[in-house]
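Straight from Swiss-Prot, here's the annotation block:
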- Y9, S10, G11, G12, M13, D14, S15, F16, T17, L18, L19: ATP binding site (BINDING)
- C185, C193, C196, C199: Zn(2+) binding site (BINDING)
Amino acid sequence: MTDSVVVIYSGGMDSFTLLHLARARGLKVHALSFNYGQRHVRELDVAADVCRAEGIPHKVIDIRAMSEVMSGSSLTSDIEVPEGHYEEDTMKATVVPNRNMILLSLATGYAVTTGAGAVWYGAHGGDHAIYPDCRPEFVEKMDAVCRVANYEPVGIEAPFMAMDKGQILAEGLKLGLDYSQTWTCYNGRDKACGRCGSCVERLEAFAANGVTDPLAYERLA
């Protein structure tokens with residue numbers, strides 16, 4: 001195991017916290033972001049700004065062409081983003097087919113290239129209800145595959161798997177992180193909508209920690 005990791009960094013608050021957690025543990029971090037045609041592409045600008053300011057190596061991979069075979073999600077297609085909580089069945093519209101398997105596979109290749117011993121991504125307990133590729137059984141199987149897929153074994157790790165978003169935020173606050181440097185909303189507008197599942201979960205996390213969210217919202221749910 002090396003002291004270097006690849007962190008899949010979307011620009012959202014979970015991966016933002018994960019990025020800084022890796023650095024706090026003394027690991028060398030390679031940040032990897034993906035443009036897969038998401039309507040909230042502004043998250044990539046936020047990610048780039050953070051990495052530039054922190055001096056973190058950062059690559060953005062354009063895989064928009066894959067949307068031709070990964071359609072049907074409200075995040076990438078002309079489908080309305082549902083409002084409400086992640087526990088609601090309508091939130092399945094935000095699932096991008098096979099997204100994390102693809103992203104983790106590409107990140108594993110990058111890890112081999114950079115000599116990193118693991119890929120970290122921000123799957124957490126709040127994702128389990130809607131996203132199959134954020135569940136423990138998925139992570140376990142991807143970890144097993146990626147350890148034997150190359151001559152150099154690469155582990156797949158989700159350090160927040162047993163935590164909810166409120167607990168993740170609490171960890172970040174302990175590190176003194178500034179969450180104005182993140183973007184969470186699934187809608188790609190100037191202000192966060194405050195109503196999509198991602199916004200609702202974020203607002204609940206800040207409320208649970210008794211802290212005001214620094215982002216501006218169109219209106220609150």
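Sequential numbering from 1, following the chain as shown.
Just so it is clear, glycine is given a Cβ too, placed from its N, Cα and C backbone atoms.
Just so it is clear, the model here is predicted, and its values are computed rather than measured.
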Just to verify a number: CA distance, L19 (ATP binding site) to C185 (Zn(2+) binding site), in angstrom, no decimals.
19
Using all protein chains in view, find how many other C-beta atoms are within 10 Å of the C-beta of Y9 (ATP binding site).
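Result for Y9 (ATP binding site): 31 other Cβ atoms within 10 Å.
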Which one of the binding-site residues (S15, T17) has its C-beta surrounded by the most other C-beta atoms within 10 angstroms?
T17
Of the binding-site residues G11, S15, T17, which one sits closest to C193 (Zn(2+) binding site) when you measure Cα to Cα?
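That would be G11, the closest of G11, S15, T17 to C193 (Zn(2+) binding site).
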Only counting partners 6 or more residues apart, tell me which same-chain residues put their Cβ under 8 Å from the Cβ of M13 (ATP binding site).
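Residues satisfying the criterion: K165, I168, L169, G172, Y179, T182, T184, R202, A205.
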Give me the CA-CA distance between C199 (Zn(2+) binding site) and G11 (ATP binding site), in Å, as a whole number.
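Here the two Cα atoms are 14 Å apart.
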Looking only at L19, C185, C193, C196, C199, the binding-site residues on record, which one has the least crowded Cβ, with the fewest other Cβ atoms within 10 Å?
C193
Out of the binding-site residues Y9, G11, S15, T17, give me the one sitting nearest to C185 (Zn(2+) binding site) by CA distance.
G11
When DSSP is mapped onto helix/strand/coil, what comes out for T17 (ATP binding site)?
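The three-state answer is helix.
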Cβ within 8 Å of the ATP site centroid (Y9, S10, G11, G12, M13, D14, S15, F16, T17, L18, L19 excluded): which residues?
A47, G122, T182
Residues with Cβ closer than 8 Å to the Cβ of G11 (ATP binding site), same chain and 6+ apart in sequence?
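Once residues fewer than 6 apart are set aside, G11 (ATP binding site) is near S33, R42, E43, L44, D45, V46, A47, V50, T182, W183.
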Using DSSP and three states only, what is C196 (Zn(2+) binding site)?
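Looking at the DSSP assignment, C196 (Zn(2+) binding site) belongs to a strand.
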At the Cα level, what's the spacing in Å between T17 (ATP binding site) and C196 (Zn(2+) binding site), rounded?
21
